[in-house]
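Peer 1: Found this in TrEMBL, in case it helps:
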TRANSMEM  57-78  transmembrane segment
TRANSMEM  118-139  transmembrane segment
TRANSMEM  181-203  transmembrane segment
TRANSMEM  215-233  transmembrane segment
TRANSMEM  253-272  transmembrane segment
TRANSMEM  284-310  transmembrane segment
TRANSMEM  330-353  transmembrane segment
TRANSMEM  386-404  transmembrane segment
TRANSMEM  448-465  transmembrane segment
TRANSMEM  471-490  transmembrane segment
DOMAIN    500-549  domain 'Cationic amino acid transporter C-terminal'
TRANSMEM  502-521  transmembrane segment
TRANSMEM  527-545  transmembrane segment
Amino acid sequence: MSTGERAESSLSPSAPSWFSHFWSSALRSKPLAPPSETTIHAASGEGLVRRLGLFDLLLLGIGASIGAGIFVVTGTVAHDAGPGVTVSFIIAGGSCVLNALCYAELASRFPAVVGGAYLYAYTAFNEIIAFLVFSQLMLDYHIGAASIARSLASYVITALELIPFLKNNIPSWIGHGSEEIYGAFSFNLLAPILLVLLTIVLCRGVGESSILNSVMTVTKVVIVIFIIIVGAFEVDVSNWSPFAPNGFESVLTGATVVFFAYVGFDAVANSAEESKSPQRDLPLGIIGSLLICVALYVGVCLVLTGMLPYKSLGGDAPLAEAFTSKGLQYVSVLISIGAIAGLTTTLLVGLYVQSRLYLGLGRDGLLPSLFGEVHQMRHTPVHSQIWVGIVASVLAGFFNVHILSHILSVGTLTGYSVVSACVVTLRWKDKTARQVFGKSISSRAEGLICLITVVCCGFAAGVFYRYSASFIFLIVPVVIAVFAAAALHFRQVYTDMPGFSCPAVPILPTVCIFINIFLFAQLHYEAWVRFVVLSIVTVGIYAAYGQYHANPLSSNTLIIYQKTPTEAD
């Protein structure tokens, strides 16, 4: 039945009520394509083109994760955690590696189609959850892109002011931002210009954008490695003692802060349709880029805390200040160059990911079909890319987006949690009913109850930890979560996955969910409000538009699949 026929039938007297139509639409899912159908219809000239190799994917993940934060966040957290900030980054990195393993399995299982977490949720759960995941992620991406663009504009102006005749002669509204108006409005000219330039690069093709990302990412990685090597000769090991001056709690708190420094590796999963060998390269790109980022962060932490006492850190540019104090001013210039390169790649990859998410929803009908179109010559989603650039430019040009920074990361943690849950649910093999407390319940329903229990326990533990509740209040939700994970392990039957397989399913994904929701509870309360309000708005948009236009089978009817080289063998 066509979309129009479904809409007409829902309005006829004999049709089910609007409410029942809403639920039947919201609870439908996208069928999982057969294993032999694995790539997009590039041959027909209507899809994206596979141009990204493993090296490109590694640089894509590093470009998304390593920004100017490596030169700032490390010192900010070290001011409280001391040299133990190194452990903070290792803990946060380890947590992200667990999430990356979940992403890697699904990226290997869905190597053909763009969509990332949205696509996984659509297949494993249902339409409304997929749309909610998209909206939460997209708000993060839109505000994040605008914020990064403003920071990049500020760094560019700072670099230009190194030229003597420009110093103190560039108006603040050009790049640093004008004075705030009513606390929310602030004009910035350069940030939208930079966004327009990057949008043009992305519209021209993935080849051009990949070259720019590769050049910028290699530049900043080389600079970071150089900083680590030069700084190693200035390290005073006495500065590493005491290693955790404020106790392990400050180290753990630091881990919750620096967790977001690694966010970005999921961008690799969204390049599935443009990867040359997705089933082989996507898992390697996701995990490999994250491990490289962990190594770089740890190296910078060791050098920074070894060069200066931790109490001296925490300014706006702690790494630059550390080298300046040692008489190495030229390194500070390199840090500025690295920061510009880092912000450029982070912004570029962020805009790239957003357009691919819009492309997926446009194809599925949850958004107007305009977003699902791909330019026949450029093989890029031009309309989606331009829309993303317009939204980011408006936010960066007229709003003080930095005041919204404390409501970020909600979408990321939500998306990571849903991806981990998708790994578990897509592995379930036994669909039969069973008896639980004298009542018949399906195996899937029982598993979902266990997953929801883990989510609730993770949030409860996070809230108790945040407000320094008694240890007993913290341990109770942990114990309940352990029992729920045990039920998932012993009462469900799991299939073995071809290609890359996440280890220790369902325990590892369950741990990911608990940690992600625990971190969710550490966010500002306004972030919780944002989650609830945006979810309500999303459901409203879906009720008014999505339920009448979405078609889970659209990807299968519009896409001509081909075998990847690894499967053809």
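The chain as shown is numbered from 1 upward.
Even glycines carry a Cβ here, placed using N, Cα and C.
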Peer 1: Might you confirm whether the transmembrane segment (386-404) is in contact with the transmembrane segment (527-545), defined here as three or more C-beta pairs under 8 A between residues 6 or more apart in sequence?
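Peer 2: With fewer than 3 qualifying Cβ pairs, these stretches do not touch.
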Peer 1: May I ask for the residues of the chain that lie six or more residues beyond the transmembrane segment (448-465) and have a Cβ under 8 Å from a Cβ within it?
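Peer 2: That would be 417, 421, 424-425, 473-474, 477-478, 480-481, 484-485, 487-488, 510, 513-522.
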Peer 1: Looking at the stretches 181-203, 330-353, 386-404, 471-490, which one shares the most CB pairs under 8 Å with the transmembrane segment (502-521)?
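Peer 2: It is 471-490 that shares the most Cβ pairs under 8 Å with the transmembrane segment (502-521).
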Peer 1: Taking pairs 6 or more apart in sequence, does the count of Cβ pairs under 8 Å between the transmembrane segment (181-203) and the transmembrane segment (330-353) hit 3 or more?
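Peer 2: They are in contact.
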Peer 1: If contact means at least 3 Cβ pairs within less than 8 Å, sequence distance 6 or more, would you call the transmembrane segment (284-310) and the transmembrane segment (330-353) in contact?
Peer 2: no
Peer 1: What stretch in 118-139, 215-233, 253-272, 471-490 has the biggest tally of Cβ pairs under 8 Å against the transmembrane segment (57-78)?
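Peer 2: Per the Cβ under 8 Å count, 253-272.
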Peer 1: Under an 8 Å Cβ to Cβ limit, what residues of the same chain, 6 or more beyond the ends of the transmembrane segment (330-353), are close to it?
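Peer 2: Sequence-remote neighbours of the transmembrane segment (330-353) are 60, 62-71, 116, 141, 144-145, 148-149, 151-152, 155-156, 158-159, 162, 194-195, 198-199, 201-202, 206, 209, 212-213, 216-217, 219-220, 223-224, 226-227, 230, 264, 266-267, 270-271, 317, 319-320, 323-324, 385, 388-389, 392.
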Peer 1: Restricting to the same chain and to residues at least six past its boundaries, which positions have a Cβ under 8 Å from a Cβ of the transmembrane segment (215-233)?
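Peer 2: Result: 59, 62-63, 66, 70, 292, 296, 299-300, 303-304, 306-307, 319, 322-323, 328, 331, 334-335, 337-338, 341-342, 344-345, 348.
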Peer 1: Looking only at the domain 'Cationic amino acid transporter C-terminal' (500-549), what is the mean pLDDT?
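Peer 2: Mean pLDDT, the domain 'Cationic amino acid transporter C-terminal' (500-549): 93.
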Peer 1: Could you break down the residues of the domain 'Cationic amino acid transporter C-terminal' (500-549) into DSSP helix, strand and coil, giving a count for each?
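Peer 2: Here the numbers are 39 helix, 0 strand, 11 coil.
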